[in-house]
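Annotated in Swiss-Prot:
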| type | residues | note |
| --- | --- | --- |
| SIGNAL | 1-27 | signal peptide |
| DISULFID | Cys34-Cys189 | disulfide bond |
| CARBOHYD | Asn51 | N-linked glycosylation site |
| DISULFID | Cys56-Cys60 | disulfide bond |
| CARBOHYD | Asn65 | N-linked glycosylation site |
| CARBOHYD | Asn110 | N-linked glycosylation site |
Amino acid sequence: MGARDCTPLLLLLLSFLLFPLGLPVLGAPPRLICDSRVLERYILEAREAENATMGCAEGCSFSENITVPDTKVNFYAWKRMEVQQQALEVWQGLALLSEAIFRGQALLANASQPCEALRLHVDKAVSGLRSLTSLLRALGAQKEAIPLPDATPSAAPLRIFTVDALSKLFRIYSNFLRGKLTLYTGEACRRGDR
């Protein structure tokens, strides 16, 4: 195996090492998110965080409510949605979820006795959301999310609600990744393979 044969493998390995840091990876393959193992890794981290906070009472409640996206998916309606509308819903949900995780991180930092394990899960979620945002940009999802000027404003506003505990926030994070994000990336990757 020559040096040229190793270049793609080294770029892929480097991108996996830089993703947990939340750093943009310039040499990353643009369709890396189409590899199901990549998204599964983030889903697993979200589920671990959700499970770690399920039995947590002390230190897991927020002093204020945090706004999060509704993660329920009407599959019948989703399949009939325009690609731009799906992309817009995913981008809006990802942005709101990022704000919620950042707010949870700030509230946890200001807690009287913050648990180091909880802080680690929140930090991983922050890093994961940054990486997912970069991966979706590489997929071109951000371009699809921009509504066309002649498009009818039929897109419904993003449905939201509030949570008051870290366990609920991580449940929303996990559900969003397993639901809307997985549906959107799966379809976007299939469209790109045609």
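Cβ coordinates are placed from backbone N, Cα and C, and glycine is handled just like the others.
Each of the glycosylation sites Asn51, Asn65, Asn110 was scored by the number of other CB atoms within 10 A of its CB, and the lowest score belongs to Asn110. Counting every protein chain shown, the Cβ of Cys34 (disulfide bond) has 18 other Cβ atoms within 10 Å. Nearest neighbour of Cys34 (disulfide bond) by Cα distance, taken over the recorded positions Asn51, Cys60, Asn110: Asn51. Most Cβ neighbours within 10 Å among the disulfide-bonded residues Cys56, Cys60, Cys189: this distinction goes to Cys60. Comparing C-alpha positions, Cys189 (disulfide bond) sits nearest to Asn51 among the recorded positions Asn51, Cys56, Cys60, Asn65, Asn110. Between the alpha carbons (Cα) of Asn65 (N-linked glycosylation site) and Asn51 (N-linked glycosylation site) lies a span of roughly 21 Å.
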